[in-house]
């Protein structure tokens, strides 16, 4: 430990103690909050089923920065590099298209064995795994419908894919001793004015009921469902809207996924957390950064990221909210994107843990909104960075921007050699 870091740490402890905050306790609490990193930042959502195929489903990864992962071994190596630069507990979020098999596997036939390498790798790296069926980038999703498809056979294919995915998810949880959160998102919708908005939603409702009909151990697997406002090519109508999934999660008591980019640009998911928690047992968060639309830019340490973290901490939702990330920027170094976004999420959680929430609640309850605002603003200037640097030190990760040197070295040695 450097003398400078130690001095800053001691001063920070004193400053926070003066407002009633135990920084050691804050760091212990931070270690209770894993962040689930998404594997698809590493290869622009290509996967291993058909890596040269087009990305569909109304989503886009823009940019052509060199060095993207082309295989499972490359993706895992890149992930290890990123993980080594991020302090504290982490998980990995996989999509079904990241299966490994020597022969082609139909999506409705995926099995735990196709993800065995991921499980062994997760064990070696002390990670939990989360999962997602991949209802996009496939010939049977080409017309924009999957679980809500009017064709019985196509709809059944996607139902079977999601059912198979649940068994993979349960396998993750059983093998790793921590439940896998499996999120169902489908791109189903229409580009232009839609006359019958009810029938597709009725089909989606019935399909989802069939998907979750198999009873699985909740210690191994958690179901989540995710809404969206619109996607490219589905601007006018999305079957799985916010109202649809809020009703579904409430009535079926599944987890509800809130994606920061899946709402109108004037809406924020931080304001939805406390409302949804009154009705659903769990929330899954996809923390992202929408720029004018669901662009999935790298997460910043901005007001909304901080507000999301503060909602989790202020209401003690540690055991009911699962924090995941969802962004994919192909215009910058992909490992750096992981590191920047994940570290920012963790910084926001730390800052929330360093807030004198009890004092602020008292001021609010007494109607002293002047003092509430004053303290909230003064809080921003307290030396949280020194606490963050100590946290990084204890987890053997770079405290400041030194991590970029490691990324550049890896880029020169490994990424630059990829065609």
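Placed from the backbone N, Cα and C atoms, the Cβ positions cover glycine too.
Per Swiss-Prot, the feature Mn(2+) binding site maps to 262, 294, 296.
Feature map: Swiss-Prot annotations on the structure.
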{"residue": "262", "record": "Mn(2+) binding site", "Cβ neighbours (10 Å)": "26"}
{"residue": "294", "record": "Mn(2+) binding site", "Cβ neighbours (10 Å)": "24"}
{"residue": "296", "record": "Mn(2+) binding site", "Cβ neighbours (10 Å)": "27"}
